[in-house]
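Annotated features in TrEMBL:
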type	residues	note
REPEAT	52-94	repeat 'ARM'
REPEAT	93-135	repeat 'ARM'
REPEAT	134-176	repeat 'ARM'
REPEAT	175-206	repeat 'ARM'
REPEAT	218-260	repeat 'ARM'
REPEAT	259-301	repeat 'ARM'
REPEAT	300-343	repeat 'ARM'
Amino acid sequence: MGNICCCKNFFSGEPLCALSTLAYSDSIDLQRSAAFAFAEVTKKDVRQVGYETLDPVLFLLQSHDVEVQRASSAALGSLAVNVENKLSIIRFGGLQYLIQQMNSLDLEVQCNTVGCITNLTTHDENKSPVASSEALQILIDLTRSDNQKVQRNAVGALLNMTHTQENRQLLMSANVIPALIHLLNSSDAYIQYYCTTALSNIAVDDVSRIKLAQSDPQLVQYLIQLMDAKSLKVQCQAALALRNFASDEKFQLEIVQCGGLTPILRLLKSSFLPLILSSVACVRNISIHPANESPIIDAGFINPLIELLCYNDNEEIQYHAVSTLRNLAASTERNKRAVVEAGVVERIKQSIQHVPMSVQIEMIATLAVLAVSDEIRTLLLQLGIPELLAPMALAHQSELQAIAAMAINNMNTKSAFV
């Protein structure tokens, strides 16, 4: 056996033929030898393999001997790291054999098979076959395993299947939400990250947000707490999840009521780009609700948001920052005045010609909102804002042209509109 394991390429020719003979043998000892060899070699050498290699491994996976199951499931999990092998394993019927072992009473076999499923579901073509199979419910059940590694593999596989609407609906039908919420309190950062990301993906869909709203009443509070997690990745995903939740009015209000603004502001002031982006996108959605304008202003967001208008490394950050400022100024004179007194007009004047067009358009829209106020309109005229916008009103880009023309009109009329 040593010669086979040391062979440069045991995936073909005589070495593979020898291992296959052992694998298909009626002797448990010989099957163990084959399984151990497959496990050892695939641990060190993962490459694309064909049916001739996969079939004996899949055959061994069906063995009643636990040691053979352990080694063959480990080998299959290693082979499933290769992109082509992911497809081949499903194509050759491997999913059904894996499903049979997912409920194994042996922890190592269970962990290996679930880990293999996780590897398989990283490929887009495999997500639907797994989500449509018995594996889905078993994965959901295994999120409550006593073993953290099994939990991690199970929720990792579930996360992999949340990237398309069709599969998200299958997960929702299988009642995945309670399982994901339960694991938000895990002590394992990977599990927290996978669950938070999965919930964030699920919250993209309108119907799913309704079900999320009807789930655990403390869900928003859990996500708010995770913005203070030790892991930066978990913090980031928690803010992104809340951003998606905040596409709905109920969650916009609940995030503020549950004290979410304080950790969001802390992330906003971070020097780590992903945290800044996730938090500014989150507060942007929260600011859509008129009742949240004053709480956001009173929490101290205006100055940090104005600073982000010059964050030239990321267009999205600039866009969400100015969009939030626009929302904050939408309803009351008090809030318009607070935004203006913090220097937003001067900052826009300074930077508007140096930002991407999407940010330009949003900056002009903010000026148009501010110009509704008689007091602020006078300031805009004194600062020469209409002259600054005049060339943009003649731009070839229709949206830029229209919004610039509207802003200028608002500054030059007492019947301003937005």
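Note that Cβ sites are derived from N, Cα and C of the backbone, with glycine treated the same way.
Caution: TrEMBL annotation is automatic and unverified by curators.
In terms of DSSP secondary structure, the repeat 'ARM' (259-301) contains 31 helix, 0 strand, 12 coil. Helix, strand and coil counts under DSSP for the repeat 'ARM' (175-206) come to 22 helix, 0 strand, 10 coil.
Counting residues per DSSP class in helix, strand and coil order gives 34 helix, 0 strand, 9 coil for the repeat 'ARM' (52-94). Tertiary neighbourhood of the repeat 'ARM' (259-301): same-chain residues 220, 224, 227-228, 232, 235-237, 239-240, 242-243, 246-247, 249, 252-253, 308, 311, 313-314, 316-317, 320-321, 323-324, 327-328, 330-332, 334-335, 338-339, selected by CB-CB distance under 8 Å and a gap of 6+ residues from either end. Confidence in the repeat 'ARM' (218-260), given as mean pLDDT, stands at 98.
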